[in-house]
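Shown next, in structure tokens, is the structure this report addresses.
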Amino acid sequence: MDENKKRALSVALSQIEKQFGKGSVMRMGDRVIEAVEAIPTGSLMLDLALGIGGLPKGRVVEIYGPESSGKTTLTLQAIAQCQKKGGTAAFIDAEHALDPIYAGKLGVNVDDLLLSQPDTGEQALEIADMLVRSGSIDIMVIDSVAALTPKAEIEGEMGDQLPGLQARLMSQALRKLTGNIKRSNTLVIFINQLRMKIGIMMPGQSPETTTGGNALKFYASVRLDIRRIGAIKKGDEIIGNQTKIKVVKNKLAPPFKQVVTEILYGEGISREGELIEMGVEAKLVEKAGAWYSYGGERIGQGKDNARGYLRENPHLAAKLEADLREKFEPTELSREEGDEDTLEDAM
């Protein structure tokens, strides 16, 4: 860059800093690049699939799927993980359907959980914005986008046609929220429902769509599609669901990874079940017939017994988890190492 351009840029930068504050504009090289903080989901498989060890702080996340697929369970487990690390959690219950007893079973400290059950969509999003701007919330869940009913719709008559009202509300709210979410380093999770598109469909196009317009699709850094794909039985009794979670969008790591995990009724995502599945895949857990062994020690006949053994021996489960993390977690290069590799590749 020639000297005249450098001087003009320097004047412009100093003027911007004077008007908008220090750090309003900066060179990327001047800024220390830090790893994105993440809150674990309670599912080791999903944490590894997300590529950063969980859901990213300072970002918007959308979790969607059919009814009873495990959307709220997943968010409550993330809240429990956050609280274990001393974080503060808030739950905006627009559906007025949160079960505190179930939340407690999943490990949520219900006494410390901030709960709001707003009357309108505007009220819900205004409360969310105020809590985010306080800078004291680590994770916030909004359940759900479909239940964020605009005030005009609530005050109107049944059958009134108000097209695009909720989509406009979401678009306006996200424009306002996103900057505050980044500044306060809060993880904000929107739970969303699926609807069927009405009209002519293109070949190969999915008839499913999420509610609340397209704004959330663009603003979300991570989008998860969660679906029940089967039942888990103990004899004739159904004790849980086999669930597939697909990372549909990920701005922080490669997307389109998917995991199949187990959600047990009254317990949530089966940590021990995941450890066994991943252990067998990584050849850390041996499976001979119906027997499972780890470290030369038999841990159970049948998956249910092996799961119970790991639950009764948490030190063994912790050791297996540490071994799996060592095997599956990507190693991070320092910036200098990364630069050297890039130079070598270029040569």
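Every residue, even glycine, has its Cβ placed from backbone N, Cα and C.
The annotation ATP binding site is assigned in Swiss-Prot to GLY65, PRO66, GLU67, SER68, SER69, GLY70, LYS71, THR72. Sequence-distant neighbours of SER69 (ATP binding site): residues of the same chain at least 6 apart with a C-beta under 8 Å from its C-beta are ILE226, ARG227, ARG228, ASN241, THR243.
Annotation source Swiss-Prot lists region 'Disordered' at 327-347.
As annotated by Swiss-Prot, compositional bias 'Basic and acidic residues' applies to 327-336.
The annotation compositional bias 'Acidic residues' is assigned in Swiss-Prot to 337-347.
Classification of GLY70 (ATP binding site) by DSSP places it in coil, neither helical nor stranded.
In this structure, GLY65 (ATP binding site) is part of a beta strand by DSSP.
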